[in-house]
């Protein structure tokens, strides 16, 4: 214990601080690189469970292919942009990686068997955040209601009045709806 209280005879304070700062920069650089690498569509579809199931469905939707050429990728919808919520989501996603490693969804049949549970979890996450990721691109305030079809305009006006969020009405917009949904799921 006494050794810790004495200055080092071998290393200067400046040298120790420099090494500490270098290690900190290297750690942060590696951490940030890993965060960015896991925030890409390429990473999301690197396992066949996503590539062979939900990614194929997504390619048939307006979020993938549309008249304006704007594409929403997996992380645009499933990973928050702000750092705190992004970190929380990354920790939650570790359970999904665990599912991959343990083989709980490694076949189409296993994936489909868990699909409703997975969808409900994602819908709940989106509802709890007031569809935060949807609102990165869409907002009621920015909508030109005159350019919308009458039915869409009326639905959006009712959604504003009833304090609804995007996922309340738009389940299945980027992926097929799972089998076994109840009336409560549709609400």
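Heads up, the Cβ atoms here are built off N, Cα and C, so glycines get one too.
Those TrEMBL annotations? Automatic predictions, nothing curated.
Take the heme 1 site that TrEMBL assigns to 44, 47, 50: the candidate from 60, 96, 109 listed for it is 96. Here TrEMBL gives transmembrane segment for one range in the set 12-31, 72-91: that range is 12-31.
Heme 2 binding, as stated in TrEMBL, involves 74, 77, 78; the candidate among 156, 175 given for that site is 175. In this structure, the CA atom of residue 175 (heme 2 binding site) is 18 Å away from the CA atom of residue 138 (heme 3 binding site). Of all the Cβ atoms in the protein chains shown, 16 others lie within 10 Å of the Cβ of residue 96 (heme 1 binding site). In space, 134 is the closest of the binding-site residues 50, 134, 166 to residue 78 (heme 2 binding site), judged by Cα positions. Geometry remark: residue 169 (heme 4 binding site) versus residue 134 (heme 3 binding site), CA distance 12 Å. Long-range Cβ neighbours of residue 137 (heme 3 binding site) (same chain, at least 6 residues apart, Cβ-Cβ under 8 Å): 70, 72, 76.
Neighbour density at the Cβ, taken as the number of other Cβ atoms within 10 Å, is lowest among the binding-site residues 44, 50, 77, 169 for 169.
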